[in-house]
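For reference, the structure is listed below as structure tokens.
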Amino acid sequence: MPPRSRQRDAKIEGGVGSPNLGARRTIHAEMDSSRPMISLLLIVVAICSSGSMATTAGQGPVFVEEPGDVLHQLEGGGNRHVALRCNASGTPPPTYRWFSNGSEVDLTDGRHSVQAGTLVVATRRKGRAATAYSCLAANRHGAVRSRTALVLPQYLDPFPVEERDPVHVRLHAGLVLVCAPPPHSPGLGLRFRWLFNEFPALVQQDARRYVSQATGDLYVARAEAGDGGRYSCYVTASIMGSHTSVLSSFVSLGLKKDATPAVKLAPHVELSLPPVTRVLAGRDVRLECFALGNPVPEVSWRRVGAELPAGARVTASGAALEMGSARAEHGGTYECEARNAKGSARSSTLLVVNEPPSWVRGIPPAELDIGDRLSWACEARGHPAPFYRWLRDGEALRPGGPVELGDDGTLTISAVDLSHSGMYQCEARNGNGTIYSAAELRVLEYAPHFGSSPDPGTAHVVRGGAATLLCRPRASPHATISWERHGAPILNSSRVFVRERDSSLLILNATEDADGGAYTCVAENARGRANLTLQLHVQEPTRMSRPPTDVTANVSDSVLLPCQASAAAAGMNIAYTWEALGRTLDPGRDAEKFWIASQSEDSGDLTIVKVRLADSGRYTCTARTPIDSVSASATLRVKGPPGPPASVRVMKVTNTSAMLSWKQGTVNNSPIRRYRVEARTPQSRQWASVSTAPAEIEGSAVTAVCEGLVPWTEYEFRVAAVSDVGTSEQSAPSRRIRTNAAPPTVVPVAVSGGGGRPRELTITWNPVHPELRYGDDFGYVVSFRPNSSSSTSTSSLMAPRGRHGGGGRNDDVGGDEDDERGWTQAVVPHAETALYVAELPPDVPPYAAFLVRVGTFNSAGEGPRGPAVIVHSAEALPSAVPESVAAVGASASELDVSWLPVPQEGLHGRLLGYSVSYWPAAAANELSAGTRQNARVSGEATGVRIAGLSATTTYSLTVRVLNGAGAGPPSRTANGTTLKPPPSQVPHNVSAQVTPGSGTTLHWDPVEATENESAVTGYKVLYWLESNGPGVQAVLESERTSAWLNLTSDGVYTVEVRARSPGGDGLPARLTVEVTTENHASALEKMPAKKGDRGSSGHNPLGLASTMVVLAAVLASFLLG
């Protein structure tokens, strides 16, 4: 049969049943990329056929079924039988032997028999010990041992019949009643309960009483009066599906009662946790903790350093902590704490979750030749960590000679021979179980072999290259190799030779045409001889028919680098690869950037998409055939925008210029044509182009002068290079510099002033912007003089004070502002100051006009003087008093007040208007009148109508003059009386008469005024289209009790009629008139409006006439009071 593993000096590992590795005959050539030396490696590996192997067909035993643990119940009479099954596959079929407690089972003892591999065991009634069994399955290839199975008797004996001694405890003390369960089979699950006095009364568990399911003992934290009585331990178990129960003898519990009060006791953990609790993975966990004490302690649980596992639950009123299906992560220290009013107590345990061994890696079967190296490694997990043992054919394997055993589960045989064949088992064991991994080692012996029908191997090599012919047949033991040509052994020379230490290699250097032909490899060992003939062809080398050429491209262009080669041998495959940028290009990974023509296109052209500057460099195309390779290179030059200039520095500075220098940046294969310079100031923060000298900075230049700069201003500069391809990024900014100072060229704007305190001249202006100050120590020169030929003295003018003035007035100035006579100058040395206040002599009248101009200066000199403007000095309170003040009633709520203009000399400033104060004359005077009000009149007006007054009331009033300084003295008090109120009666019997095409005539009854009302002087009619709203009204006045209305347009009109009088208009009577195209009109009665209201009321249509429709509106008049 063919070998299942053929790896000399190799590590053999994997799972049982790993795929077999068959040998195959291959021809492989290795080429040296350099030329002209070409190296060829021709390898010949044998394919073994079943007919050539000196081995025995078949398979060693492999377990299909292994015996498992068996439980059996001990009964009072007769024997019971249990069956242990053992079944293995193999060719020939295995035979079985059984072992009990390490010794072979005697099948003639009457208790044991074998039926088709199954061991039948007759159990004994009094046999309470567990018995271990294992089977050994064997055929001619070897033997394997099964796992060990236990035959376990199951039993629960009754309690002894002896009476138990009574127990006496003090009332409120803690106690424990011991169960002492009877003998039972190990591992049998028992359930414990306690009877109280008689069956079936059971002790109820609570925080005070607990039955341990580990020992069966009954714990009482504090004895109560009702606890006295008889107790029996009640044990139940399930054996082989049968329910079994046993009862202990009763024990009497007596309570001692003292006259003294019960003593309070701190908790004492009576049922404590063991130091270490071990549990098998997958099993349920139950931790018990119970304390005695008075009062009854409360028990709580925690895991030290972590939360309790998910699914953990506290039961039995806190005495038990349960967790299902233990896992490794459940491990840790668990602590219970019992606490009452007197104190607390703790107990803890370390929970260790053990795991039986399980395979991580088993051993695979192996077939090796004589002299090969075997290396097997098995690995198992478990807790605690398993230890390993090796068996061969069921017996423990001992190290020695070529056999080495490692503690980590490794087996090594440095050189196998036929005696090492057999069945091997790796055993992994810990305290929780034992597992086996089995595999067969088969050592083969056979003659050299190259395959059942070997074809001559064919290889190609280029002329002048080197070829290595490798001959490695299958043979066990290993074969000796020799080489022949033309029927004669090959003699070593400097050019053609067999390697000294490895005769399987025939080496030919500097091949010639004559080296082509057949070579024969001869292999021989003790089992036989075989040979194989190889054909070597010498041919012309591959050449580059279309090599890549140098290319220059712009950034973002796509370029094509050609590459095509031709091989001497027709049909020989050529593979193309490209190297560039320090690596081999991968079309799969770089598909978006590089694309190499497919094999079907018979070329290796390289397309580079959207080239970048970084793509510049040397590109090498290599064409490879199975026997050689050829390469050619080309350079890609990518032209792009230049790099930014570096090291921009300011070399020389004047007040309006700065000389810059810089270093040229990278050219990027396109010469720099010119440079652009930009600057910015801290105030603008925006970069802007600046004028330079020369205006066009050539690409070879590294200096330029920036012109047109503002004096005494901080600047930063940056430079950009421009080529035919594009513009570079901006350079890094230069360090910030300041231009030299220069005299200022601007003057303040918005020169104004005025206001302030008496005998002060206040001058204001807008400060000059910092960029226009042109130097430090910036300030202002303020000049002023009277705007007249008067002899006003200015000798006592004082220095400016830091006080802001009020508003002033700017006026154009006559032609004498250039006359330097009489000017007073003051220096304001602060750039941000915008105010100058001068004190004037006492003889300067208020509101005197001055010519004022403001100039500038800085450390470099004085700037221009500003244009002269007129600014007035501070005003004084008016001294003029209005004369001929009079007040006349204009209506029931209004007075017309008038006075004469005041003379200019009494204003002492600019006239702003007048203030009229008025109050009821009934008050004693203006100041005591709580209802005094004021009305202001702007400008030069000499009268005002005061509204909102009471009817038929006399008012007192005064008038004052106003200027910028305030109000002057009041005038003499004048009195005026408002008129009587208008009639309160509304017009009655209002009717509307429509004349087709002519309009509408209204009629109403006359209104009579009362004695306290103003006489009726006429009537006022208002009307409007409702669609337009009351904002669009027509007003008609009449002295009669009728009026004609031009209501010719279709629509609904609202009409109001009211009486007129000197005291004002009375309340209206309102009605609605509808005009249609048929010349019909309808009038709706309206209730009189409330006083002061133009309100409305609902419509009430009346009948119509063909030529005239008169609607008498019955108006309910009323007066408001």
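The backbone N, Cα and C atoms fix where each Cβ goes, glycine too.
TrEMBL lists 1-23 (among others) with the feature region 'Disordered'.
According to TrEMBL, the compositional bias 'Basic and acidic residues' annotation covers 1-12.
As annotated by TrEMBL, domain 'Ig-like' applies to 61-151 (among others).
What TrEMBL lists as domain 'Ig-like' is 153-252 (among others).
Marked as domain 'Ig-like' by TrEMBL: 261-352 (among others). In the domain 'Ig-like' (261-352), the DSSP tally of helix, strand and coil residues is 6 helix, 54 strand, 32 coil.
According to TrEMBL, the feature domain 'Ig-like' maps to 357-442 (among others). Confidence for the domain 'Ig-like' (357-442), expressed as mean pLDDT, is 94.
According to TrEMBL, the domain 'Ig-like' annotation covers 448-533 (among others).
TrEMBL lists 541-637 (among others) with the feature domain 'Ig-like'.
Broken down with DSSP, the domain 'Fibronectin type-III' (644-742) shows 0 helix, 48 strand, 51 coil. For 644-742 (among others), the entry in TrEMBL reads domain 'Fibronectin type-III'.
Residues or ranges marked as region 'Disordered' by TrEMBL: 787-820 (among others).
Annotation source TrEMBL lists domain 'Fibronectin type-III' at 881-981 (among others).
According to TrEMBL, the region 'Disordered' annotation covers 966-1004 (among others).
Per TrEMBL, domain 'Fibronectin type-III' is recorded for 986-1080 (among others).
The compositional bias 'Polar residues' annotation in TrEMBL covers 986-1001.
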Closest-packing stretch to the domain 'Ig-like' (357-442), where packing means Cβ pairs under 8 Å, from 61-151, 448-533, 541-637: 61-151
Among 153-252, 261-352, 541-637, the most Cβ pairs under 8 Å with the domain 'Fibronectin type-III' (644-742) come from 541-637
